[in-house]
Amino acid sequence: MAAHHQFDTVKRKWYHVKWFADSDTPRERRLIMKLDLLIVPYAFLAYWIKYIDQANLNNAYVAGLKEDLGFHGNELVQLQTLYTVGAVVGQIPFMFLFTYLPMHWTIPFLDIAWGFFTLAQYRANSFGQMAAFRFLIGWFEAAFYPAIHYIFGSWYRGDEISRRGGVFYTGLTLGTLTAGLIQSGASSRLEGVNGLAGWRWMYIICALVTIPVGILGYFILPGTPENPNTWFLKDEDVQIAKERLARVGHSVVHPKFKLGTLKSLANNWKFWALLMLDIFFWNGSLNYSAGGYLLWLKSLGRYSQSKVNELGTISPAIGIFYVLLICFISDLVVGPAWAITIAHVWNIIGLIILVIWKVPESALWFAFMTTYSSVAMSAVLYGWINAILGKSSAERSFAIVLLNTVAQSTTAWTQLLTFPTKEAPQFKKGYSFVLANAVCLIITAQFLNVALKRSK
C-alpha cells in the first residue's frame, strides 16, 4: 500500500501550506503544474456544470414546475430517485471500461450527452417525460466523478490528491449555488418570454453552458499515462510521471481489467472497509440533496419564487469554504481520517438541530448552513481510496467505480423512504437517518485509520 504521508523527505510544519512536496525536483514541479492546469480547471468547470444540471430540479420545483406539471404528491423525491437509479446503472459498464477506453474521449462524450438531455427537460409536459429525462441525465453523469478521481490517481501521489480534488469538488457547491441564481434570474426576467415558463428557460441556459464544456474536454484532459492525450503532454512528461509514482509504490504498469481482479478485491479487507465507509458517506450526506432548505424557505410563505432561489444559494456558498478547508487540512495537517471526522462532527451539530426542529428560527438557519459540510470530505475519501489501492490500476479503477456505484445505489431507496416530499420541510425520519449514518461514518473512518497503521 502506498502510505498517505510518506512522500515528503522533510517534515513540514502545519502552517507551511505548500502546493508541492519538498522532495519534488524542478522537472517534476513543471510537470505537476502542467497537469494541474490541464486537469483541475476542467474538472472544476465540468463538475460545476454537472451540479447546475443536477440541482436545478429542486430549484425548478419551487419555481413553478410543481404547479405547471400538476405535481401534488411525492413526485420530487421520485424524480430524485430516478436520477440516482440512472447514475447507478450507468456506472456499471465503466467498472470494466476505464482500463480500456482513453479517458480524454470517454468523459467529454458523457458530458455532451448529458447536456442534450438537460436541454430536453425544457420540453417536458408530464411526470413520465420528466422521469425519463432525469434517468438519462443520471446515466450520462454516472461515471464522471469516479472517472476524474481515476485520472487524479493515475498522475498524482496519494498526498497530492485531496487538495486538487478539493478545488475540483468546489464545483459541486458552486454549481448548486449557480443553479439557484440562474433560476432566480430566469423566474424574474424570462418568465413568459416566447411563451415559456422561467423554469423551462433555466434548462435551456444550462444546456447552452454544458455542451461547449464537453467539447473542450477532448482537447484539455490529459488522459492517463498509458493512454495520454498528446495535445499538450510530451513523452518526457509521461515518463517523469511514471517514475515519480513508481518511487512510492504506485502502479505504473496498467493491466486491463480481468475477472481475477474481482477475486483479488473480494479477498482484500481494505476494500470491504472502504465500501462501508462509502455507504455511510452517501447516506450521511443525503441532507444536502433532499432540497430541505429550499422547501423550508418556501414553507415560510414570505418570499417570492425568485427570492427563495436566491436565498437558497447561501448554504452552498458556505460549502465552498468547507470543501477547501477539509481538503487542505487533510493533505497538509491531519490526514484523511481526521479530516472526515472534523467535517461530519460539524454536519452532526446541524442534523441534531434539524431532528429537534422545535427551535428558534435562527437555529434552523444555522443548521441549514452546516449542510454542505456533509459532502466537503468527498474528495478526501476518494483520494484515500486511490492511495490505499494504488498498487494495481485495474483494482483501483474497478474499486473506485464499484464503491461509488454500490454506495450510491443504497440512496435510491433510503432517500425514497426517509425523505418523502409530503413530509417537507421537517423530514424527521430523514434527518434522524442521516444523523445515524454520519456517526457511523466517523467510527468507520477511525477504525480504518488504526487498522491501516497496524497493517504497515
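Please read every residue number as a count from 1 along the shown chain.
Positions of Cβ are set from backbone N, Cα and C atoms, glycine also.
Under the heading transmembrane segment, TrEMBL lists 81-100 (among others).
According to TrEMBL, the transmembrane segment annotation covers 136-155 (among others).
Sequence annotations record features per position, and here TrEMBL assigns transmembrane segment to 167-186 (among others). Residues 40, 43-56, 59-60, 63, 148, 198-199, 201-202, 205-206, 306-307, 309-310, 312-313, 316-317, 319-320, 322-324, 327, 372, 375-376, 378-379 of the same chain lie 6+ residues outside the transmembrane segment (167-186) yet bring a C-beta within less than 8 angstroms of a C-beta in it.
The feature transmembrane segment is assigned by TrEMBL to 201-221 (among others).
Marked as transmembrane segment by TrEMBL: 271-291 (among others). Under 8 Å from some Cβ of the transmembrane segment (271-291) lie the Cβ atoms of residues 58, 61-62, 76-77, 80, 265, 319, 344, 347, 350-351, 354, 371-372, 374-375, 377-378, 381, 384-385, 388-389, 399, 403-404, 406-408, 410-411, 414-415, 418-419, 424, 427, 430-431, 433-434, 437-438, 440-441, 444-445, 447-448, 451, all in the same chain and six or more residues away from its ends.
The feature transmembrane segment is assigned by TrEMBL to 311-330 (among others).
Counting only same-chain residues 6+ beyond the ends of the transmembrane segment (337-357), those with a CB under 8 A from a CB of the stretch are 162, 284-285, 287, 292, 322, 326-327, 329-330, 363-364, 366-371, 373-374, 376-377, 380-381, 426-428, 431-432, 434-435, 438-439, 441-442, 445-446, 448-449. Residues or ranges marked as transmembrane segment by TrEMBL: 337-357 (among others).
What TrEMBL lists as transmembrane segment is 363-385 (among others).
Positions annotated as transmembrane segment by TrEMBL: 397-419 (among others). Among residues of the same chain six or more beyond the transmembrane segment (397-419), those with a C-beta under 8 A of the stretch's C-beta atoms are 77-78, 80-81, 84-85, 87-88, 91-92, 94-96, 98-99, 143, 145-146, 149-150, 153, 257, 261-262, 265, 271, 274-275, 278-279, 281-283, 286, 289-290, 292, 382, 385-386, 389, 427, 429-430, 433-434.
Sequence-distant contacts of the transmembrane segment (431-452), counting only residues of its own chain at least 6 positions beyond either end whose CB sits under 8 Å from a CB of the stretch, comprise 1, 269-270, 273-274, 276-277, 280-281, 283-287, 292, 335-338, 340-341, 344-345, 347-348, 351-352, 354-355, 374, 388, 414, 418. Residues or ranges marked as transmembrane segment in TrEMBL: 431-452 (among others).
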Intrachain residues whose Cβ lies under 8 Å of the transmembrane segment (363-385), provided they are six or more past its termini: 4, 145-146, 149, 152-153, 158, 161-162, 164-166, 168-169, 172-173, 274, 277-278, 281, 284-285, 287-288, 292-293, 296, 314-316, 318-319, 322-323, 325-327, 330, 336, 339-340, 343-344, 346-347, 349-351, 353-354, 357, 396, 399-400, 403-404, 434, 438
Chain residues in Cβ proximity to the transmembrane segment (311-330) (below 8 Å; excluding those fewer than six residues from its ends, i.e. six or more beyond): 17, 55, 59, 162-163, 165-167, 169-170, 172-178, 180-181, 184, 288, 293-294, 297, 303, 336, 338-339, 342-343, 346, 368-369, 371-373, 375-377, 379-380, 383
Distal contacts, the transmembrane segment (136-155) - CB-CB under 8 A, six or more residues away: 35, 39, 43, 46-47, 50, 53-54, 82-91, 94, 98, 103, 106-107, 110-111, 113-114, 117-118, 121, 161, 164-165, 168, 221-225, 241, 245, 379, 382-383, 385-386, 390, 393, 396-397, 400-401, 404
